[in-house]
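Report on one structure; see the data block that follows.
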């Protein structure tokens, strides 16, 4: 079940780049991010309110650092994409797949599994081929590398904070998205730009609804749910198929052409995720039995 949901997460995240690109034709970036996270927060506010009444301290201790990390990831990715090529950005963000096993080792004192480490390397090689190779390195690439490190850190920290926890995952996800909503709004205000009128184009609102419901609410809930059951390395390798789904979406919907080299890279990503999906289930981290079972939401 975890494998299927994580692959669905990779699918929606892979399509999010093309959808976001279209939405940004009608509204500025910081304003759009504020809307995206604020609407997600409002949808999850009832669950968060209930959790804050019962477990205020634990909920804040988990949700606030994860929210700040999520905001930092989006800031780094946004600056990186603006300053480097799409190929460099896609490859460098995928390095979180390789970085996660080593960060997990630092968190848990357990050596990375050899098969998982190999699958992570194959995923990165596949992404390198998928985006066309020929990478340079500049300021934008440094921002993307920082985003990759922060992504790996967020998955490892999520497991540390949520594994065995009795907290409502909907509440944690709500707080996790509320923090970047506030910080993006603050950055927008600090820029001193006038508040633009909300677009009337239905395409903008359809794109926003898709990103809120599937790429934010569903995606981060699934990631938080999965880290209670799987190792961080397993989570990032399975979601590492995101560039493959992004390339397929760009080819099928946006009309971009996938080269033979790109197809080979996509095949490597597919084989790596298939390997992880079909093997190593016994090493997936189970839910802690130290506390009584509680509803997942």
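From the backbone N, Cα and C atoms, a Cβ is placed for every residue, glycine too.
TrEMBL lists 2-131 (among others) with the feature domain 'EamA'.
Annotation comment: TrEMBL describes 28-52 (among others) as transmembrane segment.
The feature transmembrane segment is assigned by TrEMBL to 59-75 (among others).
The annotation transmembrane segment is assigned in TrEMBL to 81-103 (among others).
Taken from TrEMBL, the feature transmembrane segment covers 115-137 (among others).
DSSP places the residues of the domain 'EamA' (140-277) in helix, strand and coil in these numbers: 107 helix, 0 strand, 31 coil. Per TrEMBL, the feature domain 'EamA' maps to 140-277 (among others).
Remote same-chain residues near the transmembrane segment (143-162) are listed as 61-62, 65-66, 69-70, 72-73, 76-77, 79-81, 83-84, 88-89, 92-96, 99-100, 103-104, 106-107, 169, 172, 223-224, 227-228, 231-232, 235-236, 285 (criterion: CB distance under 8 Å, separation of at least six residues from the stretch ends). According to TrEMBL, the feature transmembrane segment maps to 143-162 (among others).
Here TrEMBL flags 169-189 (among others) as transmembrane segment. Under 8 Å from some Cβ of the transmembrane segment (169-189) lie the Cβ atoms of residues 28, 30-31, 33-34, 37-38, 40-41, 43-45, 47-48, 50-52, 59-60, 62-64, 66-68, 70-71, 74, 162, 216-217, 220-221, 224-225, 296-297, all in the same chain and six or more residues away from its ends.
Taken from TrEMBL, the feature transmembrane segment covers 204-223 (among others).
According to TrEMBL, the feature transmembrane segment maps to 235-254 (among others).
If you look up TrEMBL, you'll see 260-278 (among others) marked as transmembrane segment.
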